[in-house]
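Following: one structure in structure tokens, then a few remarks.
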Amino acid sequence: MDFILKMKDKSLKNIKLTREEGLRLFNSNLEELIKEANNIRKEIHGDGIDLCSIINGKSGRCGEDCAFCAQSKYHKTNISEYPLLDYEKIKKVAKENEDEGVHRFSIVTSGRGLYGEEFERVITYYSNLNKELKINLCASHGIINKESLIKLKKAGVKRYHHNLETSRNYYDKICKTHSYEERVKTIKNAKEAGLEVCSGGIIGLGETILDRIDLAITLRELEIKSIPINVLSAIKGTKLQNMIPLNEEEILRTIAVFRFINPEAKIRLAGGRYLLKNFGENAFKAGANATITGNLLTTCGNKIKDDKRLIENIGMRIF
């Protein structure tokens, strides 16, 4: 207990925790760990929950070999494959989310990146959405250069999403068609272009607890202010189809430690919420203060109205 309180004090003072301290926290008393992670969240952020939503704007046929992903051409899955959606379809979904009180909306596209005519089309999409709607715009278009990121910002995008997925040490066990450094460079490019950055990862890929802590520390070093935590949904046909799902306690411990290491960030529940009781009710009591709501890329999420009810029932509020 004394150790957890000491770590809480360091976190509130924004003193960086070490990986050894992170590991000790992970293995500490669950009830006290969750309680103090929640107290850090309350003291720094209050009781507001940030909601975001996404649309799978271009699906499948991805040339990268990410072991977890249903959209990779290296995997045989039953997902829908289609090119970039037309503007009216995307606008309709964005407007529905805005009307429901969601704060942010992102177009997500499959592939290493988005190039040429498709990229220019999506720039037009963002520009039009920015003029016609009030919802904050985010973008997720893979590995990208600074020049293209500046174009996104000029079109009205406020935040770029690009996950690191796991630790630097474990990354080549998950993907070999591009490097960890390319992902880090994309994040740095986005920040240099004046964009906010959303970056997190996936837990349950076969990584160690130290890999998760290393990821949390890397995100802290990059000063990421929105950190989505996905829990692997093992999809049939992918390389990780036989991975055993994480149990709720391990997920909650991970969320709590991420809160200690990244006290000023939004810790955002993302994919795999269905593995948690009531789509993550306890996670919001373990330091999380944001969530993706609605459907995800190739899996179903929680309905917006149900998330709003959940948040209200636990005594928190939507920003």
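Placement of Cβ uses the backbone N, Cα and C atoms for every residue, glycine included.
Source: prediction; values computed, not measured.
According to Swiss-Prot, the [4Fe-4S] cluster binding site annotation covers C62, C66, C69, on the basis of sequence analysis. A sphere of 10 angstroms centred on the C-beta of C69 ([4Fe-4S] cluster binding site) encloses 25 other C-beta atoms.
Cβ contacts within 10 Å of R268 ([2Fe-2S] cluster binding site), excluding its own Cβ and spanning all protein chains shown: 21. Reduced to three states, the DSSP call for R268 ([2Fe-2S] cluster binding site) is strand. Here Swiss-Prot flags S106, C138, C198, R268 as [2Fe-2S] cluster binding site, drawing on sequence analysis.
The domain 'Radical SAM core' annotation in Swiss-Prot covers 44-273.
Within 10 Å of the Cβ of C198 ([2Fe-2S] cluster binding site) there are 28 other Cβ atoms, across all protein chains.
Counting only residues at least six positions away in the same chain, the Cβ atoms of C52, R104, F105, S106, V157, K158, R159, Y160, H161, C198 sit under 8 Å from the Cβ of C138 ([2Fe-2S] cluster binding site). For the domain 'Radical SAM core' (44-273), the model gives a mean pLDDT of 94. Cβ neighbour count for S106 ([2Fe-2S] cluster binding site): 22 (other Cβ atoms within 10 Å of its Cβ, all protein chains included). Less than 8 angstroms from the CB of C62 ([4Fe-4S] cluster binding site) sit C69, Q71, S72, K73, S110, G111, R112, each of them six or more residues away in the same chain.
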